[in-house]
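Residues or ranges marked as domain 'tRNA methyltransferase TRMD/TRM10-type' by TrEMBL: 1-224. Among the features that TrEMBL reports, S-adenosyl-L-methionine binding site is placed at Gly112, Ile132, Gly133, Asp134, Tyr135, Val136, Leu137.
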Amino acid sequence: MRFDIITVLPSLLESPFAHSILQRAQKKGIAEIHVHNLREYAVNKHKSVDDYPYGGGSGMVMQIEPFAQCIEKLQSERTYDEIIYMTPDGVTLNQEMANDLSTKENIIILCGHYKGIDQRIRDVFVTREISIGDYVLSGGELPAAIVVDAVVRLIPGVLSDETSALSDSFQDGLLDAPIYTRPAEWRGHRVPDVLLSGNEAKINEWRDEEQLKRTKDRRPDLLKD
Ligand code: SAH
């Protein structure tokens, strides 16, 4: 799977992909993540990629042409399944969406800045608009990194224990059960006896109950479906 991320701040995206699971996925050749500097596609001599908003008002707007140039160059090299714009007015990212995206081959992600991007980029190129939550950040880079992380860890072969992604919160519509590791007793707090029993059926039953309890308690909305 391949991601092409278009941004004015490529350096902001160096670290998120250089460690742990995302780094391993790239080393194994399962995921390719390419970051493109939008300024290299600037159409004026000052290398600026933003301009004043028509109709006035505060904040700058990212211009069409640099995005168009970069997207069309990428499209001349391969076919893209999705061109995603990270934006607070998009559909909120959830596990189902991450699962769906993990089945795609090639994805472009556009990161906005300032007031956002010219509406015509969205109208002409963008196939999907994703928000990471109901709050406004200053740029689309961190949201893009979140999408890439959520998606790449789902590709078979990326996590060492493949079943572990399936048992995470949301995968089965429930939150995850509480988890513990050694020691069995710490400052008087004991791990639930059932987890030490070695009885797999009982342990699974306990985990199912705890998942349901936690979901009812914290996210009853998930149980509606
Ligand atoms: N004027 C816009 C916000 C612009 S914030 C509005 O009110 O909707 C600047 C950029 O940060 C956006 O273009 C987007 O790419 C990114 N961004 C900010 N918050 C985001 C969020 N919750 N989810 C995804 N991207 C976000």
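Backbone N, Cα and C atoms are what each Cβ position is placed from, and that goes for glycine too.
Owing to the predicted nature of the structure, the values given are computational and were not obtained by experimental measurement.
Here the features listed in TrEMBL are placed on the structure.
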| residue | record | DSSP (3 states) |
| --- | --- | --- |
| Gly112 | S-adenosyl-L-methionine binding site | coil |
| Ile132 | S-adenosyl-L-methionine binding site | coil |
| Leu137 | S-adenosyl-L-methionine binding site | coil |
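Same-chain residues at least 6 positions away in sequence with a Cβ under 8 Å from that of Tyr135 (S-adenosyl-L-methionine binding site) are, in sequence order, Pro88. Neighbour counts were taken at the CB atom with a 10 A radius for the binding-site residues Ile132, Val136, Leu137; the maximum falls on Ile132. Most buried of the binding-site residues Gly112, Gly133, judged by other Cβ atoms within 10 Å, is Gly112. Less than 8 angstroms from the CB of Asp134 (S-adenosyl-L-methionine binding site) sit Pro88, Thr92, each of them six or more residues away in the same chain.
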